[in-house]
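What TrEMBL says about this protein:
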TRANSMEM  6-27  transmembrane segment
TRANSMEM  39-59  transmembrane segment
TRANSMEM  79-98  transmembrane segment
TRANSMEM  118-141  transmembrane segment
TRANSMEM  161-184  transmembrane segment
REGION    187-206  region 'Disordered'
Amino acid sequence: MANSGLQILGFALSLLGIIGLIVGTILPQWKMSAYVGDNIITAIAMYEGLWMSCAFQSTGQIQCKVYDSILQLNSALQATRALMIVSILVTAAGLGVACMGMKCTTCGGDDKTRKSRIAMTGGIIILIGSLCSIVACSWYAHDIIRAFYNPFTPVNTKYEFGSAIFIAWAGAFLAVVGGGMLAASCPRGKSTQKYPSRPPTSKEYV
């Protein structure tokens with residue numbers, strides 16, 4: 001029962017993690033305009049995401065524009081896009097594999113040892129997918145920090161972290177914890193108890 005509860009908790013955390021990854025990938029608030037120096041105009045807030053850039057006005061109007069060409073994007077944004085998509089696909093595949101190996105399902109047959117190994121494999125796949133998202137978020141965050149502290153970057157074009165990158169980071173962390181719990185459901189070898197040999201009786205000597 002303890003192993004089954006660990007699998008259910010790991011699956012739930014991984015499911016919440018992939019939802020966070022999807023939401024974070026879609027949202028355009030990966031970086032937002034930083035109000036530093038003389039850039040104190042707060043009537044318009046600029047946001048940039050993986051797929052579009054948006055301008056939020058103080059009147060409540062939102063104007064978004066999808067990036068025209070992939071070739072015009074910098075290498076960090078292209079790599080983050082690719083890694084986040086790969087992360088979502090790999091994590092979803094890991095959830096499918098783990099679902100077949102969980103004790104509370106009947107997809108993988110009745111062999112408990114085989115099902116535990118399938119669940120462990122699904123957990124490892126989830127870990128690989130979540131690590132891809134961690135690399136993507138960290139790469140994008142490093143690009144923001146490098147541009148922020150670059151003295152040649154104009155003050156009015158400096159950006160800081162947006163809410164979407166924190167959502168993606170949180171989703172990746174939940175997927176790591178959930179995948180680790182599923183991977184920890186590796187079956188343990190059953191120790192065979194050895195009984196002492198029965199001494200021969202007097203009848204056996206006859």
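Numbers here mean position along the shown chain, with the first residue as 1.
Here the Cβ of each residue, glycine as well, is placed from N, Cα and C on the backbone.
Counting Cβ pairs closer than 8 Å to the transmembrane segment (161-184), the top stretch among 6-27, 79-98, 118-141 is 6-27. Panel annotation: around the transmembrane segment (118-141), residues 7, 10, 14, 17, 21, 30-31, 76-77, 79-80, 83-84, 86-103, 108, 161, 165, 168-169, 171-173, 175-176, 178-186 of the same chain, lying at least six beyond its termini, place a Cβ under 8 Å from a Cβ of the stretch.
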